[in-house]
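Peer 1: Grabbed the feature section from Swiss-Prot, which reads as follows:
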- Cys52, Cys53, Cys117, Cys147: [4Fe-4S] cluster binding site (BINDING)
Amino acid sequence: MINKNDSVLNNQFWQSYNHQGFMVTQFSDLINYISNWARSNSLWPMTFGLACCAVEMMHTAASRYDLDRYGVMFRASPRQADVMIVAGTLTNKMAPALRKVYDQMTEPRYVISMGSCANGGGYYHYSYSVVRGCDRIVPVDIYVPGCPPTAEALLYGIFCLQQKINRGNTSITRKSTQD
């Protein structure tokens, strides 16, 4: 399926040569387009379940939603994963472990924050022992709201991450442009 909003397809060469059946583009744009497409359709998330949101995260891997058919395969090791799904209440004691696991992931790496506790502290926001959002520890690409969010909401968040990777608008590209 061709996305008509792609920057590769909407450049001046595509507009002028579309009717002739071929496309002229820069080689680097084509390589970026293909690599982003491949990355977005083969996500390997690592679960970082901390509370009740982890149960909903497990539902997405079960037979009803079956993320395997979308190219999403859960991994147990951070060295094999490229997506971290943080689900649940992040405490001050667990924050260094989250950062350590995030640092062990290979580039490019993405983070999905799942649930109101991971997004901003949730119900325990005013507790002395709770981090008020995992984005204070690791850069987050997608926020999935809810308490707990449904499996459909996480599935939608994964689809949004795939679209974001296709556009090239993720934390890995933001970091390289800031240097």
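The backbone N, Cα and C atoms fix where each Cβ goes, glycine too.
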Peer 1: What is the one among the binding-site residues Cys52, Cys53, Cys147 whose Cβ has the most other Cβ atoms less than or equal to 10 Å away?
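Peer 2: Comparing the binding-site residues Cys52, Cys53, Cys147, the most crowded Cβ belongs to Cys53.
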Peer 1: Can you count the other CB atoms that lie within 10 A of the CB of Cys117 ([4Fe-4S] cluster binding site)?
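Peer 2: Excluding its own Cβ, the number within 10 Å is 28.
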Peer 1: Can you name every residue in this chain, apart from Cys52, Cys53, Cys117, Cys147, with its Cβ inside 8 Å of the center of the Cβ atoms of the recorded [4Fe-4S] cluster site?
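Peer 2: Nearby residues not in the site list: Ala51, Ala87, Gly88, Thr89, Met114, Gly115, Ser116, Ala118, Gly122, Gly146, Pro148, Pro149.
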Peer 1: Indicate whether Cys117 ([4Fe-4S] cluster binding site) is helix, strand or coil by DSSP.
Peer 2: helix
